[in-house]
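K.L.:
Before I ask anything, here is the structure I am working with.
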Amino acid sequence: MVGDTTEAKECQLKDPMDLFRSGQVVKICAPMVRYSKLAFRTLVRRYSCDLCYTPMIVAADFVRSAKARDSEFTTNKGDHPLIVQFAAKEAQVLCDAARIICPFANGIDLNCGCPQRWAMAEGYGACLINKPELVKDMVRHVRNQIDNPKFSVSVKIRIHEDLKRTLDLCQKAEAAGVSWITVHGRSIEERHQPVHYDAIKTIKQSMSIPIVANGDIKTLKDAENVHRLTEADGVMVARGLLANPALFAGYEETPFKCIQDWVDIALEHGTPFTCFHHHLMYMMERITSKQEKKVFNVLSSTSAVLDYLNTHYGV
């Protein structure tokens, strides 16, 4: 876990809610397992991303183990505003995790949206949308136990088939003091079906806190359309940013400058090869031929990747 007292003080001076008060649509990088780590957050911040989330961290492990804290969370002075997303099912465990992270981040987010079987079997993620009282309790506990009034407490949810239940959940979270809610506009069962932007709009119109829309945003034009359809205060993007980290800056596909930036940042941060390579595979998906992909995707060392990029693209 990286950070010093100077960084901590700087971090506490920043209030992520200021982004929502600006009147501009807040452009957000989603929490992505393995992918939204420090190096990638550094990259997307260069291309008009306003707010970044860490990958989901299991709060109980984070509280219990210094090793987990060191491997799961790194940050630096430029990595703000930053939201740390936790999987939790007990209010006090979430509070303990929030207290540890508070000096190094601008807020925490409770994951109530992950539909993966393992998470739901453990009582984490999307199963929490069916436990509104527990969500309310967790939000309230963190609010009561963290002294810094600028430290945000948000939740990320999926919707119910019966939207009344989602509205009830959101209203309970709002009453407990939640800062904003991110809504992925699909139910737990839905994977690739169309996103219910109308549901996000209904939630937005029923709440007085900021609402962030999430789901199927691949371009800046998509982000603008989703904002128009939902009236949401922010848009959160996951896979679209993996494919094009410069999406929020208006690029239709990943520019070579962005690929060069990724190489520089990843090498500087000592990014493990698999992660370094996977990000490049995503970024180059739309700009390489089938034949080029066959060659590039089986490269097995950083030096081989660097040679390939230099030879073929002058990167």
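Placed from the backbone N, Cα and C atoms, the Cβ positions cover glycine too.
The following feature annotations were taken from TrEMBL:
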- 29-292: domain 'DUS-like FMN-binding' (DOMAIN)
- P31, M32, V33, Q85, H184, A238, R239: FMN binding site (BINDING)
- C114: active site, proton donor (ACT_SITE)
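Situate these features within the shown structure.
P.N.:
Around P31 (FMN binding site), the C-beta neighbours below 8 angstroms that are at least 6 residues distant in the chain are Y53, T54, P55, M56, Q85, D109, N111, K156.
In the shown protein chains, 22 other C-beta atoms lie within 10 A of the C-beta of C114 (active site, proton donor).
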K.L.:
So how far apart do the FMN binders P31, M32, V33, Q85, H184, A238, R239 get, largest Cα to Cα in Å?
P.N.:
17
K.L.:
At the level of the C-alpha atoms, what whole-angstrom distance separates V33 (FMN binding site) and C114 (active site, proton donor)?
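P.N.:
Distance between the two Cα atoms comes out at 11 Å.
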